[in-house]
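Features reported for this protein in TrEMBL:
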type	residues	note
DOMAIN	84-148	domain 'J'
DOMAIN	213-295	domain 'CR-type'
SIGNAL	1-28	signal peptide
ZN_FING	213-295	zinc finger
Amino acid sequence: MANKLFRVTPTLITLVSTHFLLAGVTESFAPSFIPSSSSALIRNNSRSTCPASLWAARSVRTPTLNRRLGNGDRKGAALFMEANFYADLGVPRAADEKAIKSAFRKKARSCHPDVNDSPEAKEEFQRINRAYEILSDPTMRQRYDQFGEAGVGTSDASPGGNPYGGQQVDISDIFESFFGGGGGGRGGRRSGPVPGDDLRFDLDIDFTTACFGGEEKVRIRHLETCDTCTGSGVKPGSQVRTCGTCNGAGVTMQVTRTPLGNFQTQQPCQVCKGTGQMVDEYCGTCSGQGRREVTKQVKVTVPAGVEDGNKLRVRGEGDAGPKGGPAGDLYIFLRVKNDKRFRREGPDIYSDVTVSYIDAVLGGKTKVPVIDGNELDIKIPAGTQPGQVMRMKGKGAPKLGNADMRGDHFLTVKVEIPKSLNEQEKRLMEELRELKETSKKGFFNI
């Protein structure tokens, strides 16, 4: 691995100073740094909003610093915040693998960002994810029990909202993220099960299904855990050895001496590609990926009362996580087709009813279609005006979450005026006009 040299010039010092000021670091620091395995990285999910029928969320890592270093936070030149992974999951130190997995799933369900969008829940989800990552891996758990966080490397998120991890934030990591050392400072392997990505599917449904619900079948492509290697990517029976170059850490470290101090860079191990392991033979079914793409048909239950833009979640039908991790979820985004007869606003239905001018004047009855698929007889009151709205109570769409309650159906009256009349109709209309004029003269006594 080639050495990384930095030429110290006034311009360089100015750039570094500006970087720290913009990042919110206001205190002075010594030009000697404590080596640390911590990372200056957080993970953000970037999800496509394109109208494609299927997408998967992928992780994007971005170096950032959003917390100032205070006097109480400093330990030498590092920020120290020791986490208790057992307490984060709510299990004793003697808990077995099954208890740890059960506790993680229980806590993840209550604070997952898709269920609880509060900032506190997001921070808690990051903490328990990190705790499960360490405690579910026997090797990492042993290191943690023996050395604490210092023995298990870096983390993606920390308690209290610090994006630099749950243990130490070395100031050299900030230089590292600024100068691009090692791709931002994190090159090590993630150990333990990691949840898979969520998927999106845009589903077109008809107007009636949106109102009364139903079942739809969709075909999706997602990643499933390889049955042959159970997600490890290793051919059954093949030997897995610890990488001798990085001693299983997945990263290699290098320290460069400069007038400003020692700069520490961390890069993925080039021998094991950051996995920390050497595999004699990979699984032939999944080509060593631990997952394979599968096309399958999924049944989706559409509840009554949904509207255009609503989304449904099908648990466990997203991509399987790497290394046998739990699968993400499938999100169904609903697109409701228009119906030329009806308009809908929430549970209420709107439509037009056309009546003859005679029925509008004298009153009468007519049939109107409703969303149930039937036709109902309604009474047209005498003297009904064009544009008048009539209500059919309880004939609207079921309400989402309570299908026993329904909205109303509103009818807007349109009066049909004939464009032509036969002789008899003309004669009768003339007589009616004369009668109308006579009544006007009598009224005004003219």
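Heads up, the Cβ atoms here are built off N, Cα and C, so glycines get one too.
As the structure is a computational prediction, the values presented were derived from the model and not from experiment.
Mapped onto DSSP helix, strand and coil, the domain 'CR-type' (213-295) counts 0 helix, 41 strand, 42 coil. Residue counts for the domain 'J' (84-148) under DSSP (helix as H, G, I; strand as E, B; rest coil) come to 48 helix, 0 strand, 17 coil.
Per-residue pLDDT, averaged along the domain 'J' (84-148), amounts to 85 for this model.
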